[in-house]
Amino acid sequence: MSSKGPQDAAVNEGAPLTGSTSNGAYGSAEDGAASNQPTALKDILRKAPSDLRGSMQSIRDLIEEHTGKIGYLGSYAIACNSLTGPAMLHLPATFHRSGLIPTLFVLIFVCILAALCSLHMANTISKVPGNSNFKEEVEYAEVFRFFWGERAYMLAQLLFFLCISCLNISSIVDTAQTVDTALGNYAGSVALQISWDPEEDTLSWIHWVASECSQEVKIAGDCLPYVDDGEDSSVILTAGYMIVVVIFLPMALMDLKENALWQIVGFIVSILASFQFAIAFIMEGLDFSSQSLWGESWSALFGVILFNFALVIAIPAWLYEKEDSVDAANVINGSSVLSVVLYILVGALGSMAMPNVSENMLESMESGAHGVSLQIGASIFAFFIIGLGIPLFSVLTRYGLVGSNQFSTKVANMLAVYFPFGVGWMLYEGQGITNLLSWGGVICTSLVAFILPLLVALHTVEENEHEGFVSVYGIYLSCFPSLEHDKGAQIRVLKVLLALAVLSIIAAIIGNIEGDA
């Protein structure tokens with residue numbers, strides 16, 4: 001049996017072999033084959049490049065196809081670390097001031113609202129053509145460009161940048177203050193003071209040690225490094241701030257996959273530290289009489305809690321980097337519930353164990369007035385939990401800037417990494433960090449984490465027949481089965497969620513205005 005290829009066809013076309021042994025017949029066949037071999041070779045060479053190009057393109061597509069590397073543990077770590085930011089430190093004071101029942105209610109309410117916003121955002125991203133399996137890098141602002149155009153994209157990009165920069169700078173300053181407090185408890189901390197007061201030296205060194213504080217000051221949580229004197233005539237660059245820069249700035253230059261390991265470390269430390277706090281609070285003794293059920297002021301309640309639930313900012317980058325086997329709905333719902341449990345453990349028990357807790361619970365715990373175990377645990381908690389949020393926020397900001405193809409990696413690093421580290425030290429003293437937390441949380445985070453995801457989700461449900469690939473209402477279908485495929489019901493629920501989000505933000509704004517009055 002023989003296989004007929006292009007060369008065989010060419011030979012047969014010229015003078016088919018007859019098997020004759022006569023010189024004439026044999027010579028004729030041989031000459032014909034020889035004369036047609038160049039033609040056959042040309043046919044092969046003409047077809048080869050196209051076949052080769054096709055094969056090479058297939059190989060290139062296979063190599064370049066993005067494959068997520070973040071599994072369930074890394075996904076939970078990133079989600080929980082996004083939910084347990086610097087505002088978590090203010091929860092014990094919030095429980096004490098606003099009461100047990102209102103704080104628990106708002107925590108659970110905002111948790112459900114934030115989880116649904118995150119699920120809707122993930123589902124909207126899956127509706128982008130060709131992105132059902134999240135293989136395309138669709139960042140936060142890109143969603144609004146695709147569904148609403150360039151102006152919506154620019155607004156979303158600006159708000160996203162301001163939101164994460166606010167969170168990042170808060171984390172940097174909180175971590176630096178923690179490091180300075182830890183240094184002050186032992187050998188002391190040092191800082192370079194830069195003054196523009198003509199009666200003071202332009203540059204001077206100042207020193208701080210915790211032993212300078214009285215026991216009463218420590219118990220009140222007012223033993224703080226480099227307390228602001230109320231004069232806006234100087235700024236300081238502390239040893240703690242420089243340590244934070246040296247440790248966390250290189251991590252901020254990594255990508256999300258490289259950061260996943262550190263996020264897992266932070267996640268594990270967060271759980272262990274939270275339970276260590278709970279045990280220490282119980283062993284110290286819980287004063288139930290000091291914890292009001294209804295509280296005396298609800299002014300800052302929504303502002304502080306809304307600032308905690310900023311999971312949406314991590315959703316786009318995480319979806320792009322997660323493994324295919326990781327279910328988005330499971331991670332979002334599970335991490336939200338776990339975070340609320342940690343909030344209640346640390347917030348409620350901390351409020352009952354420390355009746356005079358300061359606005360930032362670490363200030364009371366790190367002073368040593370509540371025991372060495374809490375003092376050490378507070379330092380570890382702040383350094384790992386709050387500190388490891390710094391590179392995460394920087395990475396998310398850079399992804400958002402580079403993914404839109406509007407900025408190079410170099411420019412994105414300037415904005416996402418060097419800018420927060422470069423300006424954070426100037427907010428170390430005074431009320432700058434407090435105002436950043438309150439107003440940054442209410443305005444930027446509220447819009448980015450709640451209002452915009454719901455608005456774009458409502459638009460896609462109304463205008464798009466495609467339901468998406470993320471189960472938004474999966475855990476609620478047993479109670480509301482019509483939500484699964486009823487477009488009208490989904491639109492009504494989205495409008496209700498949007499109204500609740502707006503009312504929550506209004507309550508937070510009013511509370512902040514009353515608090516500043």
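These residue numbers are counts, starting from 1, taken along the chain as shown.
Heads up, the Cβ atoms here are built off N, Cα and C, so glycines get one too.
Caution: TrEMBL annotation is automatic and unverified by curators.
Positions annotated as domain 'Amino acid transporter transmembrane' by TrEMBL: 75-177.
Look at TrEMBL and you will find 1-35 tagged as region 'Disordered'.
The transmembrane segment feature in TrEMBL is assigned to 99-119 (among others). Sequence-distant contacts of the transmembrane segment (99-119) (same chain, six or more residues past either end, CB-CB distance under 8 Å): 91, 291-296, 298, 301-302, 305-306, 308-312, 315, 328-329, 332-333, 336-337, 339-340, 343-344, 347-348, 449-450, 453-454, 470-472, 497, 500-501, 504.
Remote same-chain residues near the transmembrane segment (152-173) are listed as 85-87, 140-145, 241, 244, 248, 310, 313, 386-387, 389-390, 393-394, 396-397, 400-401, 404, 406, 415-416, 419-421, 423-425, 427-428, 433, 436-437, 440-441, 444-445, 447-449, 452 (criterion: CB distance under 8 Å, separation of at least six residues from the stretch ends). Look at TrEMBL and you will find 152-173 (among others) tagged as transmembrane segment.
Taken from TrEMBL, the feature transmembrane segment covers 234-253 (among others).
Beyond the ends of the transmembrane segment (260-283), by six or more residues, the same chain brings 69-70, 73-74, 76-78, 80-81, 84, 251, 321, 342, 345-346, 349-350, 352-354, 370-371, 373-374, 377, 380-381, 384-385, 388-389, 391-392 to within a C-beta distance below 8 angstroms of the stretch. Here TrEMBL flags 260-283 (among others) as transmembrane segment.
If you look up TrEMBL, you'll see 298-319 (among others) marked as transmembrane segment.
Here the transmembrane segment (331-354) has Cβ contacts under 8 Å with residues 72, 75-76, 79-80, 83-84, 88, 91-96, 100, 103-104, 107-108, 111-112, 114-115, 118-119, 122, 270-271, 274-275, 277-278, 280-282, 284-288, 290-291, 308-309, 311, 315, 322, 361, 364-365, 370, 475 of the same chain, all six or more residues outside its ends. TrEMBL lists 331-354 (among others) with the feature transmembrane segment.
Sequence annotations record features per position, and here TrEMBL assigns transmembrane segment to 374-399 (among others). Cβ atoms under 8 Å from those of the transmembrane segment (374-399) belong to residues 78, 81-82, 84-86, 88-89, 137, 139, 160-161, 164-165, 167-168, 171-172, 174-175, 178-179, 181-182, 185, 244, 247-248, 251-256, 259, 262-263, 265-266, 269-270, 273-274, 276-277, 280, 284, 313-314, 316-317, 320, 361-362, 365-368, 409, 412-413, 415-417, 420 of the same chain, restricted to positions at least 6 beyond its ends.
Annotated transmembrane segment per TrEMBL: 411-428 (among others), in sequence order.
Residues or ranges marked as transmembrane segment in TrEMBL: 440-458 (among others).
According to TrEMBL, the transmembrane segment annotation covers 493-513 (among others). Under 8 Å from some Cβ of the transmembrane segment (493-513) lie the Cβ atoms of residues 109-110, 113, 116-117, 120, 298-303, 306, 438-439, 441-443, 446, 450-451, 454-455, 457-458, 461, 473, 480, 483, all in the same chain and six or more residues away from its ends.
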- Range from 298-319, 411-428, 440-458 with most C-beta pairs under 8 A to the transmembrane segment (234-253): 411-428
- Taking a Cβ cut-off under 8 Å, which residues six or more beyond the ends of the transmembrane segment (440-458) line up next to it in the same chain? 87, 113-114, 117-118, 120-121, 123-124, 140, 143-144, 147-148, 156, 159-160, 162-163, 166-167, 170, 302-304, 306-307, 309-313, 491, 494-495, 497-498, 501-502, 504-505, 508-509, 512
- Task: Could you give the residue numbers and ranges of same-chain residues that sit at least 6 residues beyond the transmembrane segment (298-319) on either side and whose C-beta is under 8 angstroms from one of its C-beta atoms?
- Result: 70, 75, 78-79, 82-85, 87-88, 90-91, 94, 97-99, 102-103, 106-107, 110-111, 113-115, 117-118, 121-122, 125, 134, 138-140, 142-143, 160, 163-164, 167, 256, 328, 332, 335-336, 339, 343, 392, 395-396, 399-400, 403, 437-438, 440-442, 445-446, 448-450, 453, 504-505, 507-512, 514-515
- Item | Tally of residues which DSSP labels helix, strand or coil - the domain 'Amino acid transporter transmembrane' (75-177) | 86 helix, 0 strand, 17 coil
